[in-house]
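Only one structure is covered here, and it is reproduced in the block below.
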């Protein structure tokens, strides 16, 4: 019998509807339901409670941190807990000041405006946002050249919630206009176990504690990845007719190229570049990106923070350098001279398996 609590696999189950409902159900609806980020939750609770007691809109909020830690969920919780409508957009969708003006002019009093990837807005839109955040008005330019005139447009009071993975890319005048900045951190293992157990209950999936711990150890400290891996484990248990035990979890995650440290195919490609192509480094970000065939921004914002966090890579003024732990994990011997070719230190199958036999 499978760990899944439903009938025969051939039964007509509306999987698409169930999956859509699952996506929405996974998001916590209140700060009390939100797992992890204890300090940020306490700060937000104080901010929202004070605003409610004074019958005013909450201050503008900036949520900063790596992808998948709950920035969008927290924005939705801010709207839910303050009982205000929520409008969602993203920085890449605002490439002209006119795009932002259209969004701002449509806001109703007290509305929460969530801008994901706010650091990717056009500079002209950022400059328009300064006045909107401070005085709830914008200036619309009409005409061109010497005959151009500025027409002020009053806006309804609103709260801006911005999310960014690159807070350093925001200009100081914009950062300074946020009343509160929350810095989200990677999750601890025990917090991830709570996230996985909650999601498993919603999936009606019976899963052993050892299996939960295994997923928590491979999900890069990120709830979004934890939930994604859990769904793959669910699929594996369903297809193979097994319980969601430790062996099933390991088999499923190995099938999807997630190693015991949580490294995926892109992580290993980056490490392969540093270790085998550049002798452990140092190597610059752009050079590394070209060798891997990936965008430099993706490596810097998605891959590198995790590799640095688990101690496989260090950043130096000259570039990225592999640590002794990286050489050990991949079964390679560090070269005597920086930049020299790497050699396998153990059985050839170890390094070959980790690197896809591309040594």
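A Cβ is built for glycine as well, from the same backbone N, Cα and C atoms used for every other residue.
Features as listed in Swiss-Prot:
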REGION    1-187  region 'Large ATPase domain (RuvB-L)'
BINDING   26, 27, 68, 71, 72, 73, 134, 135, 136, 177, 187, 224  ATP binding site
BINDING   72  Mg(2+) binding site
REGION    188-257  region 'Small ATPAse domain (RuvB-S)'
REGION    260-359  region 'Head domain (RuvB-H)'
BINDING   315, 320  DNA binding site
Could you check what DSSP calls residue 26 (ATP binding site) once collapsed to helix, strand or coil?
helix
Within 10 Å of the Cβ of residue 134 (ATP binding site), how many other Cβ atoms can you find? Include all protein chains, please.
11
Cβ neighbours within 10 Å, counted over all protein chains: which one of the binding-site residues 136, 187 has the most?
187
Could you measure the widest C-alpha to C-alpha distance across 26, 27, 68, 71, 72, 73, 134, 135, 136, 177, 187, 224, the residues recorded as binding ATP, and give it to a whole number of angstrom?
37
Which of the three DSSP states, helix, strand or coil, fits residue 320 (DNA binding site)?
strand
Fewest other Cβ within 10 angstroms of its own Cβ, chosen from the binding-site residues 315, 320:
315
What count of other C-beta atoms do you get within 10 angstroms of the C-beta of residue 72 (ATP binding site), across all chains shown?
17
Tally of DSSP helical, extended and coil residues in the region 'Small ATPAse domain (RuvB-S)' (188-257):
52 helix, 3 strand, 15 coil
DSSP three-state call for residue 72 (ATP binding site): helix, strand or coil?
helix
Looking at the region 'Small ATPAse domain (RuvB-S)' (188-257) alone, can you tell me the average pLDDT?
89
I'm trying to understand the geometry here, so how far is the Cα atom of residue 68 (ATP binding site) from the Cα atom of residue 320 (DNA binding site), in Å to the nearest whole number?
24
